[in-house]
């Protein structure tokens, strides 16, 4: 799911474009707008706009924005540069920003902390736009198609005059206004065109089309349209570099995962659990054995360990109706002190270490205790692995795993803010995050593995023995057959291990196939009779009680955490006061 969500965020700017009502400023107007434009032989437009603005209310200044796209040619971008704005001949602060997915370039002129009184002010804007000349269809001439009066001014305009000086002789000059109002385009000399209008309503632009007698200059283009800029950026080479880095990041994640995978040590058939390296002569408990093989405690850790404690006569399990049971702790401290740390963690968590009572009555309280016991057992398993030097931490692989985990929220949240235009100053386009996304996706196996730990030395030997012991418990083949005739008592001793490895039924069937009879249910299960019915019933009863208690606790947490209140051409843009 995270892969899909993050991927959609990275391409989301394509599907969401800015929209809004056309605001008309009732308290301000432009009395006179005069524009002087000069186009050099490289196709760069040098413009000076002089706007006489009259306002009846206090304002900070004006804003001007430029639409960088061209509906007639989706591959070009008209990006203004070197923008300056003065008011009555004095320099004023200008803040530049991108809006609507980097499709609009905004210049906001004025002091945000100060306003100016009502009155009449003259603003002069200068800027350059490269690449304004395109093909006219004639290889010997270029075409200029431009809004000499931007179509996004939110103020009514009293009159306009726009003069455009071309680098060569001009022909086919014509003007047109958005609302069909009269405009005139006159050619002065050989290379100058003047476009004039009377008053214009707000949101009314005026376009000029003219050809000039020079070959079309080279200009930068992109293979994608402007709506993809917020996703892909505005540089093919940058995008190629991002792709290369993404492949490298993904490859690094896969290399780390490959390094984290430990070579299988084999599984020679073993007829007893491995010895605990931390305590000479002591066999590993069920959860130690499972942990050394899989680097985690089993799904049946509570049940296997309770039965293990009962089998060692450290606790007594009393059964009740409705699958409830009570655990009574013994008081033989020598036996308790000789216990492995994982089993001891469970006993302490439920309050029966060295004595005590725990009622597994399917209640929320019991579920909370079991949940805490699971956490304590996981913690104890990790500490035992480290202190026994069987499962050691691998810093490099742990760091790689952590990086893969952190990449997901980074890509999702930073990508979301970038897609909405809130981080354009830091991340100009969403695909700049692609290397992190690539590492996160390729690193998913790292997240799902135990990449931060490794079994070395005695750990690998114990791993092989644990795997061989599981093979003996769960396999019916002749070569893995257990000699029950001389060691029948081990059937009951190994039941907790079979529960940990989720193969208790196979272990019982192995006994029946080898001896031709069902095993006697151990006394510590408290049911009597043969394993075939009573033993399975006791296992199911405990499993049901534990599951019911955990479910009750989870439900209570859910309740407590929930609350109430469920055209074409360039020059597009505009401006206004603020």
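Cβ atoms here come from the backbone N, Cα and C positions, even for glycine.
Range with TrEMBL annotation transmembrane segment, chosen from 383-401, 402-420, 459-477, is 402-420. Within the chain carrying the transmembrane segment (236-257), a Cβ under 8 angstroms from the stretch's Cβ atoms is held by residues 222-223, 396-397, 400-401, 404, 431-432, 434-443, 445-446, 449, 451, all 6 or more beyond its ends. Per-residue pLDDT, averaged over the domain 'DUF2207' (29-210), rounds to 93.
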